[in-house]
């Protein structure tokens with residue numbers, strides 16, 4: 001097994017390029033063709049799979065049981081993806097996820113839903129973190145944030161299309177063949193998931209040095225290009241995660257810094273989930289509602305659009321200008337005045353609209369966080385994979401109790417303590433970013 005170290009010298013004959021420097025590499029026509037194939041197969045498959053999973057998660061409200069299965073199995077699943085071929089592991093989990101979704105169509109009571117939702121969480125535990133770890137293996141630092149950003153943007157895209165699809169299925173099939181509309185929703189989503197998952201056995205290329213033999217599109221020439229790209233950027237394909245990996249992750253200052261950076265960023269922006277309650281509270285002088293029921297559901301779609309465009313914009317800037325920390329700092333600095341407005345609350349309605357919509361633009365930092373981690377741990381793919389799992393598990397563990405505490409329903413829409421917590425979290429994110437940047441410059445580089 002390869003003994004990686006973040007201070008190891010690059011391989012013999014390798015040209016070490018600094019992902020945050022100015023010694024870039026001009027891609028050849030062959031490398032560009034390879035990159036297009038990689039995007040078409042790997043990136044397209046992961047994005048479609050992610051959207052299907054999110055669509056399924058929108059179908060019911062038994063999220064607690066899902067989160068338990070997801071959180072508990074997330075880190076073990078990250079270990080397994082390095083011990084099994086990703087094409088097999090990710091595709092099989094996706095098929096199990098689809099089969100369980102089909103099972104929801106036949107449930108007879110809520111206890112059966114609890115059990116199935118828990119196992120759905122287990123099956124989906126490697127979807128996002130596993131895909132991000134895999135993308136890190138194939139893409140260079142000048143390509144990575146854009147690809148992870150595009151994949152990450154499938155979350156708001158999935159949220160936008162889920163409601164419409166569910167409503168369309170319910171309207172058109174409710175009562176057909178004696179089945180309620182909600183059962184048809186599970187059936188259709190489950191079948192779609194299983195079919196798409198089957199393509200994973202052929203579309204996921206596994207690792208550059210150990211390619212998937214069933215990936216017919218990945219040629220021997222592609223393998224040489226992929227390995228050259230790894231060598232050029234001082235990257236290596238992962239070995240199996242073991243005790244040494246866990247020890248390195250546990251003792252590295254990067255791990256707690258990223259745990260806080262990732263978790264605080266998401267908890268701080270959780271306020272956007274309550275935008276519809278703010279819209280619902282607005283009244284005209286005569287006491288009538290400003291927004292109709294349909295509009296209250298539609299207006300947040302503008303926020304999701306802002307989130308998608310912001311994700312693409314910051315991810316592109318991160319790669320193009322070769323800076324992670326400045327992009328993350330900009331995102332946090334957008335959040336600070338927005339949280340301050342909502343903390344004060346005694347401001348104009350227009351200012352509150354701005355604050356909510358601006359917060360959507362701050363829910364965009366994860367792709368840059370993962371890309372920055374990859375820059376700091378170029379020769380430690382196992383540690384990267386494990387750290388992603390640790391960070392996401394930590395977020396789920398905190399989020400399970402923080403939102404009801406910070407944003408109690410009885411205080412809606414003015415959370416007198418919640419907005420202040422959001423403001424404090426954004427300020428703490430700024431401090432962590434600056435500290436991690438100093439460590440990156442003085443220690444890592």
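Cβ coordinates come from backbone N, Cα and C, glycine included.
Between the listed ranges 224-246, 385-407, TrEMBL ties the annotation transmembrane segment to 385-407. In TrEMBL, the feature transmembrane segment is placed on 58-75, out of the ranges 58-75, 148-165.
Ranked by number of Cβ pairs under 8 Å to the transmembrane segment (87-107), the listed stretches 113-136, 295-314, 353-373, 385-407 are led by 113-136.
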